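> Sharing a structure with you now.
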Amino acid sequence: MATKIGMMDSAYFVGRSEILAWINSTLQLNLSKVEEACSGAVHCQLMDSVHPGSVPMHKVNFDAKSEYEMIQNYKVLQDVFNKLKITKHIEVSKLVKGRPLDNLEFMQWLKRYCDSVNGGQLQNYHALERREASKGGKEATKRAAATQQSSKSASSSSAAPRPSSSNGTRKHEPQSSNTGNHHSSKAPSKQQPKPVPAYDEKITELKLYIDSLEKERDFYFSKLRDVEILCQNPDAEHLPLVGSIKRILYAADGEDVGAGAAETTETQTLSPIAEGSEERRNSVTESQKRKLIVNLDVDAAAITTLSPRQRLSDSSDVKCSGSSPLLTC
């Protein structure tokens, strides 16, 4: 079933011209752009063409202009999807904007679904009669007929042969100068080129390209947002690497944060070791000084408190304990 087709499926490689030809032939309309179907009424009638009677056409508004009216059409379409147990998600907020790429993708999926249901062939479906039951359906039919009539007249006028010159026309050649100037002034206006459809094609291609760039931008922005949320985690917020990542994320344009982040990370990782060794060195020298002062004070105090006889015995002990052979006890 076409409800779960992937983005790389062949359905999403169908061109706009083929999609438009399918819509116009199925519903007897005369759409020139896919985004003209953004109101949702065309989608509802296409579903009605493959599932006759499943869509309440009296609730469909072909004359929807505002987003509120378009959303009502998509609600009808969503109810039909729920009734038929179709799990396709409808991105209404994007479709009502009239973006060419979003409307083209959804219409490509809808064509694939309709082809999977009826094999690409309709049997006894009266599009005009079904559309007349909806709001603005008759006006949509009239607009389509008027557009077709104007296109036919334009094509017939362009294909009509030019009248050949005759003797009768030569008789009117000598005319006044004013008349000649009048014809010469009108001639360039007749020869002005009409708007070429290729320009419309180029504009549509540029719109599609812009939509693809916006999608790519939103994709990478979501990734950066995930990194930011991860960096704001209380368990990892104090890490030096997280601080460097935040500095890169919040850096202004043109600011070089690579060297600064590396230097900061190096100082953050090495400074505690250096500070610790310096503190240990200072504490060792300070303790040695204190021990030396205490020993000198104790020795001096002990010498002053000893009696003359004890001093004499101490000096003899020193002489006896000496290792020199000249000293004898």
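Keep in mind that glycine also has a Cβ here, set from the backbone N, Cα and C atoms.
Annotations for this protein, taken from TrEMBL, read as follows:
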| type | residues | note |
| --- | --- | --- |
| COMPBIAS | 130-142 | compositional bias 'Basic and acidic residues' |
| COMPBIAS | 143-166 | compositional bias 'Low complexity' |
| COMPBIAS | 175-192 | compositional bias 'Polar residues' |
| COMPBIAS | 277-286 | compositional bias 'Basic and acidic residues' |
| DOMAIN | 13-115 | domain 'Calponin-homology (CH)' |
| DOMAIN | 188-258 | domain 'EB1 C-terminal' |
| REGION | 130-198 | region 'Disordered' |
| REGION | 259-286 | region 'Disordered' |
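Give me the local environment of each listed feature.
For the compositional bias 'Basic and acidic residues' (130-142), the list of distant contacts is 27-29, 41, 45, 48, 57-64: same-chain residues at least six beyond its ends, Cβ to Cβ under 8 Å.
Applying DSSP to the domain 'Calponin-homology (CH)' (13-115) sorts its residues as follows: 68 helix, 1 strand, 34 coil.
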> For the domain 'Calponin-homology (CH)' (13-115), what's the mean pLDDT in this predicted model?
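Per the prediction, mean pLDDT sits at 92 for the domain 'Calponin-homology (CH)' (13-115).
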